[in-house]
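The signal peptide annotation in Swiss-Prot covers 1-20. Summarising the annotation, Swiss-Prot assigns disulfide bond to Cys39-Cys57, Cys220-Cys236, Cys346-Cys352, Cys370-Cys378. Taken from Swiss-Prot, the feature repeat 'PbH1 1' applies to 172-203. Sequence annotations record features per position, and here Swiss-Prot assigns repeat 'PbH1 2' to 204-225. The active site, proton donor annotation in Swiss-Prot covers Asp218 and rests on similarity to another entry. Under the heading repeat 'PbH1 3', Swiss-Prot lists 226-246. Among the features that Swiss-Prot reports, active site is placed at His240. The repeat 'PbH1 4' annotation in Swiss-Prot covers 255-276. What Swiss-Prot lists as repeat 'PbH1 5' is 284-306, and the listing cites sequence analysis.
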Amino acid sequence: MILTRSVVLGFLGSASLALASPVAELAEGSRLTPRGSACSYSGTSGAAAAIAGKAGCSSITLNNVVVPAGTTLDLTGLASGTKVIFEGTTTFGYKQWAGPLISISGTNIQVSGASGHLIDGQGSRWWDGEGSNSKTNIKPKFFFAHSLKGSSTITGLNIKDSPVQVFSISGSSGLTISGVTIDNKNGDTNSLGHNTDGFDIGDSDSITITGATVYNQDDCLAINSGTNIVFSGGYCSGGHGLSIGSVGGRSNNVVETVHISSTQVVNSQNGVRVKAVSGATGTIKGVTFQDITLSGITSQGITIRQEYTNSGYTGSPTTGVPITGLTLNNVHGTVTSKGTDITIECGSSASCSGWTWTKVAVSGGKADVCKNAPSGTC
């Protein structure tokens with residue numbers, strides 16, 4: 001087909017008009033995100049824009065983002081190698097709901113906090129002393145680190161005033177968390193903060209947490225299931241200490257090859273704790289606590305029990321979750337006079353076996369309570 005001069009000029013004129021048409025101004029927080037670009041989001045619409053554009057970003061910077069009430073900052077399914085950077089202060093609208101407030105997943109993901117940043121849960125809006133036990137005041141969990149694979153990292157985050165549990169680590173492997181600070185000290189006021197666990201780990205492999213500082217009102221660390229887990233260089237204050245379990249009653253009931261070391265537990269309810277669910281089945285094997293310093297422990301310096309239930313301990317330990325290969329090396333410190341130095345409640349000598357305890361010295365509390373404890377322990 002031969003185009004006449006008038007047709008060509010008409011076509012070019014139309015194209016020129018189209019190019020000259022004004023482009024609508026981008027709303028606050030939104031960015032055009034061609035695949036592999038560095039994306040930045042801010043303000044009240046930043047969360048929605050980040051969620052919509054995440055697939056096309058090689059890096060995502062969140063600057064003073066305000067996440068709407070009842071909305072998860074959903075950064076799941078990120079492209080491999082994506083970097084996520086928190087800048088300024090990240091806040092969340094108030095609503096009674098289960099959360100989470102933040103969720104991130106992917107392979108080789110790098111999450112970090114810029115200098116001076118803060119992720120502020122403003123938990124006092126929910127705190128009522130009941131934590132996640134309330135049926136009327138539902139509180140959002142904070143940060144789901146689920147299905148983070150490869151060599152993913154979470155580095156240098158500053159988190160304040162979580163409504164309830166902070167980090168839920170599930171279905172992840174090869175994840176390293178370093179230099180995280182969780183400051184829930186405000187929850188101590190009138191004992192309103194509750195169930196504010198620092199790190200809950202389940203169904204995960206090869207998880208490393210180093211240099212964490214945790215002020216809270218529940219477990220600093222709780223490993224409910226998982227293998228090849230390292231926690232070192234931690235500081236835990238005000239909560240329930242370092243916990244294995246409770247183990248049992250879940251789809252995955254195996255905790256194996258865990259090394260917890262060089263950590264201080266201060267002004268907490270418990271120091272070192274291992275909990276097996278009464279009547280359940282599972283495995284706790286190859287757990288080591290090394291170079292743990294305790295001070296101001298109010299209830300149990302070291303407690304290892306096979307009769308845990310949600311309502312407390314039954315006093316009649318069972319044997320379905322054997323605790324084997326447990327090592328305590330240089331675990332030392334003080335318990336208050338109303339607490340107990342060491343409690344061991346095992347269902348039988350066979351269900352608690354292969355333990356190695358060296359340089360264990362806990363004092364200041366009531367006399368040890370020991371049932372079917374391996375020799376050389378208490």
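Glycine too: its Cβ is placed from the backbone N, Cα and C atoms.
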What Cα-Cα separation, expressed in whole Å, is found between Cys370 (disulfide bond) and Cys39 (disulfide bond)?
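Cys370 (disulfide bond) and Cys39 (disulfide bond) have their Cα atoms 58 Å apart.
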Does the repeat 'PbH1 5' (284-306) make contact with the repeat 'PbH1 2' (204-225) through 3 or more Cβ pairs under 8 Å, each pair 6 or more apart in sequence?
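Stretch pair does not touch.
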Where does the residue listed as 'active site' sit in DSSP terms: helix, strand, or coil?
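Note: the residue listed as 'active site' is coil by DSSP, not helix or strand.
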So if I draw a 10 Å sphere around the Cβ of Cys352 (disulfide bond), how many other Cβ atoms end up inside it?
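Other Cβ atoms found within 10 Å: 27.
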What's the most sparsely packed of the disulfide-bonded residues Cys220, Cys236, Cys346, Cys370, counting other C-beta atoms within 10 A?
Cys370
Roughly how many Å separate the Cα of Cys39 (disulfide bond) from that of Cys220 (disulfide bond), to the nearest whole number?
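The separation of the Cα atoms works out to 34 Å.
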Across the repeat 'PbH1 3' (226-246), what does the mean pLDDT come to, as a whole number?
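Computed over the repeat 'PbH1 3' (226-246), the mean pLDDT is 99 on the 0 to 100 scale.
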Could you state the CA-to-CA distance between Asp218 (active site, proton donor) and Cys346 (disulfide bond) to the nearest Å?
24
For Cys57 (disulfide bond) and Cys220 (disulfide bond), determine the Cα separation and express it in whole Å.
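Rounded to a whole number, the Cα-Cα distance is 34 Å.
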How many whole Å apart are the CA atoms of Cys346 (disulfide bond) and the residue listed as 'active site'?
21
Could you tally the C-beta atoms, other than its own, that fall within 10 angstroms of the C-beta of Cys57 (disulfide bond)?
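Its Cβ shell of radius 10 Å holds 25 other Cβ atoms.
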Is it possible to get the count of other C-beta atoms within 10 angstroms of the C-beta of His240 (active site)?
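That number is 24.
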Return only the integer: C-alpha distance in Å from the residue listed as 'active site' to Cys220 (disulfide bond).
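Distance (Cα to Cα, whole Å): 7 Å.
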Quick check: in three-state DSSP terms, what is Asp218 (active site, proton donor)?
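SS state of Asp218 (active site, proton donor) = coil.
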Could you measure between Cys220 (disulfide bond) and Cys352 (disulfide bond) for me? Cα positions, answer in whole angstrom.
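The separation of the Cα atoms works out to 25 Å.
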